[in-house]
Amino acid sequence: MGESGLREAKAGLRRGFLERRRARGPEERARAGSAVRDALLDVPWLAMGGTVACYYSVGGEPDTRKLVAALWKRGAYVLLPVFLPGGELDWAAFDGPDSLAPAGHGLLEPVGRRYGPDALARADAVVCPAVAVDRRGTRLGRGAGCYDRALARKGPHTPAIALVHDEEFVESLPAEPHDRPVDAVVTPSGGVRVLGAGVWPGGPDERERLSRKD
């Protein structure tokens, strides 16, 4: 498949997944958010704190507000994205719901000091949105490339963890050379799965357990 064919295939898949997301009600999104929160907080090294880059969900994404609040209350230094012109992501700290302000398109962004796009290099984990993820770790985003550029800045031993609904974790997705893979995926029913040779700070037993999920 040529370059234009790949782009068209990704665009068609993206439209289909997003259309199904728009049909999800707030209760379903909240249930999904509670499930992925519980799954991630069950990962010992992640629940212990450190610096976690996360995001505030929009639209039909699994609701991440409970996850962000839980990580913060457990002592994690939580970074949230600030969208910049040109498709880059800056990062600022979450310091409770009052530290956020509307930023258009349904987004809430932190209003405190910004640490620059390279802040991801200091994160212990990056929890990122996705439209879909496959078993190799291929991540389908919304098409702007913001997170492909951001994930290129994370440290080599920092896992990128995508959150999706159950039906958005699929066998295979088309990928272009610039697409940045994720190391793990979290779904409401399946919990955390480490994908392929993805980076994972947990011990070998934990990695094997999370890699062998159906």
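Cβ atoms are placed via backbone N, Cα and C, with glycine included.
TrEMBL does not curate its annotations; it predicts them automatically.
Record features (TrEMBL):
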- Lys10, Ala11, Gly12, Leu13, Arg14, Arg139, Leu140, Gly141, Arg142, Gly143, Ala144, Gly145, Cys146, Tyr147: ATP binding site (BINDING)
- Glu61: substrate binding site (BINDING)
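Features per TrEMBL, on structure.
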{"residue": "Lys10", "record": "ATP binding site", "DSSP (3 states)": "helix"}
{"residue": "Glu61", "record": "substrate binding site", "DSSP (3 states)": "coil"}
{"residue": "Leu140", "record": "ATP binding site", "DSSP (3 states)": "strand"}
{"residue": "Cys146", "record": "ATP binding site", "DSSP (3 states)": "helix"}
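For the pair formed by Leu140 (ATP binding site) and the residue listed as 'substrate binding site', distance between Cα atoms is given as 13 Å, rounded to the nearest Å.
Neighbour counts were taken as the number of other C-beta atoms within 10 angstroms of each residue's C-beta; across the binding-site residues Leu140, Ala144, Cys146, the minimum falls on Ala144.
Here Glu61 (substrate binding site) is positioned 18 angstrom away from Lys10 (ATP binding site), judged by their C-alpha atoms. Taking a C-beta cut-off of under 8 angstroms and a sequence separation of 6 or more, the residue listed as 'substrate binding site' has the following same-chain neighbours: Arg21, Arg29, Pro129, Leu163. The binding-site residues under consideration are Lys10, Arg142. Their Cβ neighbour counts within 10 Å are lowest for Arg142.
Annotation for Arg14 (ATP binding site): same-chain Cβ neighbours under 8 Å, separated by at least 6 residues, are Val131, Leu140, Arg142, Gly143. Within 10 Å of the C-beta of Gly12 (ATP binding site) there are 11 other C-beta atoms, taking all protein chains into account. Site extent for ATP: the farthest pair of Cα atoms among Lys10, Ala11, Gly12, Leu13, Arg14, Arg139, Leu140, Gly141, Arg142, Gly143, Ala144, Gly145, Cys146, Tyr147 sits 20 Å apart.
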